[in-house]
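Feature annotation from Swiss-Prot assigns transmembrane segment to 1-21, 39-59, 71-91, 99-119, 133-153, 173-193, 208-228, 239-259; the stated evidence is sequence analysis.
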Amino acid sequence: MNWLEAFILGIIQGLTEFLPISSTGHLYLGRHLFQLDEAGLFLDTMLHIGTLLAVFIYYKKEFIYLIKNPFSKLMLLLIVGTIPAVVIGLLFKDFFEDISKTGITIGWEFLVTGFFLYVADKQKNGRKKMGDITYKDAFIIGSFQAAAIFPAISRSGMTIVAALWRKLDRETAAYFSFLLSTPAIVGAIILQFADVFQGKAESISSTSLIVGTLSAAFFGYIAVSWMIQYLKRHSLKVFAYYVWGLGILILTLQFTDVF
């Protein structure tokens, strides 16, 4: 893989990690486009580190607060919200890894993501702010996050959807969703590093790794800040239409043996 391909994959990871359209699904498509095999595993890990950097930079005040107040309500909300994904991930890791490798269900998963985005957008706007979020809210939102273990089910999409259903206001829904992404991204990095150390990753140039990581961080930061502002006044339907169109295209290509 050359540095330009890594740069493009970094853009894909950075934008789609925080837009509700599935980063894993788009990375799968990107690897298919560039004819990369499972190999890009180490690059995937570095791309996740890039988006993690984006979250850390955007939420630097919150993370400083969490470090100083490790038993705060916010920390407990993040822990409670992360439990479902941890349980599902540990129990079914191998099963979902096999699904991710084949990509056979990816078209259907994009359609499912679109359905949830479309339906959630019809909900009346809630009024809950960060201080109003309950542990029950966090657990339910985290349970929706666990569904994103399917490669083309959007993590940010599902958590924003759940947050809107739990009557968080639109800005807070996106804000909490991205904050909750931190433990999930860290978990993904740990699991990927475990595979890397077991020799499942290809050799890739340091230049490509650095370019991909910085690209993911830069575009991830843009996506976080833009999405929070966008959701204040705009609909999720445009994202639903996009993933529906993408899902239909993929299913058509699979049906005709083109993909």
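A Cβ is built for glycine as well, from the same backbone N, Cα and C atoms used for every other residue.
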Exercise for the section: Would you confirm whether the transmembrane segment (71-91) and the transmembrane segment (133-153) meet the contact rule of 3 or more C-beta pairs below 8 angstroms, pairs 6 or more apart in sequence? Expected result: yes
Practice task
Counting only CB pairs under 8 A, let me know which of 39-59, 99-119, 133-153, 173-193 has the most with the transmembrane segment (208-228).
Solution key: 39-59
Exercise for the section: Could you tell me whether the transmembrane segment (133-153) and the transmembrane segment (1-21) are in contact, taking contact to mean 3+ Cβ pairs under 8 Å with a sequence separation of 6 or more? Expected result: no
Completion exercise
For the transmembrane segment (133-153), the distant same-chain contacts (Cβ-Cβ under 8 Å, at least six residues beyond its ends) come to 22, 24-25, 28, 76-78, 80-85, 87-89, 92, 96, 99-100, 103, 105-107, 109-110, 112-113, 159, 161-163, 165-166, 168, 172, 176-177, 180, 184, 247
Fill in the blank from the handout: Stretch winning on C-beta pairs under 8 A with the transmembrane segment (99-119) (pool: 39-59, 173-193, 239-259) is 239-259
